[in-house]
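Annotated domain 'G-protein coupled receptors family 1 profile' per TrEMBL: 37-287, in sequence order. Positions annotated as transmembrane segment by TrEMBL: 22-45, 57-78, 98-117, 137-155, 195-223, 235-256.
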Amino acid sequence: NQTSGTEFVLMGLTRDPLLQSLLFTVFLIIYLIILLGNMVIMMVIRTDFHLHSPMYFFLFHLALVDICYATAVVPKMLVNFLVKGSITIAVNACMTQMFFIFLSAGCEVFMLSVMAYDRYVAICNPLKYQEAMSKHFCYQLVGSAWAMGLLYSVLNTIPVLNIKFCGHTEIKHFSCELPPLLSAACSGTFLSKLILLFSAVVFGSSSFLLTLISYIYIIATVLKIQSAEGRRKAFSTCSSHFIVVGLLYITALFQYTKPKSVSSSILDQVLSTQYSILTPMLNPIIYSLKNKDVKTALGRILKKLEFV
């Protein structure tokens, strides 16, 4: 009963033709917002010298990660909405998609930790900020975030290559995320499940602790500021990042701690949509609306374009 290993069947969000057409339109708009929003953030940071600082260097790479994350998932989803009948994906394509999902997710959480550390140094040690966050060190931090994402991806992808799948393999999801893929396997999933659990705990908890410790020090330092205006200004420099971190970790925490009684393929797909599609869409919006420097820089660029 083992499959020849040529393709899987993705069950997707729905097979209702009317809903498929509606969802295609919705997710196409979302994907365009993701691309446009994050590319604008990257363009503004790259072209405006006022934003050539560590904080915006990290934001540039967060936008790049968000584009990679959404692109790993959404284009295939859009194609699937246009398909009538069974939605298939080649095994190699499925493994490639899973690899980039893990890479983007792992890099995203560590990039947010790097950004939290940057805010910690800026608020708690402002006099040493330029020295501590040197250009070389910033490159090392970004490189480490990408390296951790790559390690997380490789650790979880390689064991899956040896798993046996049976006959008509259906994946109850809209993408090749590992948990629904393992649910569709015949046997040999123990090692993959063990590595997934171990890596999620180690990588997730380490990045979360780095972020949490940074914010504990930030909050403690801000509360010592005497003036209300001083506290407001200090908090405003990290409010955007705090909202983004909250959105990501609240969803992830619920996904991995929810009881089995409330677990379902529909709920899993809703949560997956939140952190793989909606979060990359919301990040540039939050940073655009909450960050005065980004709005000012965007305004300067638009004024220049008016005179061209």
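Using the three backbone atoms N, Cα and C, a Cβ is placed for every residue, glycine included.
Bear in mind that TrEMBL entries carry predicted annotations, made automatically and left uncurated.
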Proximity of the transmembrane segment (195-223) to the transmembrane segment (98-117), 3+ C-beta pairs under 8 angstroms: yes
Overall pLDDT for the domain 'G-protein coupled receptors family 1 profile' (37-287), taken as the rounded mean: 87
Contacting positions for the transmembrane segment (98-117) when only residues 6+ beyond its ends and CB under 8 Å are counted: 55, 58-59, 61-62, 65-66, 68-69, 72-73, 141-142, 144-146, 148-153, 156-157, 160, 175-178, 181, 203-204, 207-208, 210-211, 214-215, 238, 241, 244-245, 248, 275-276
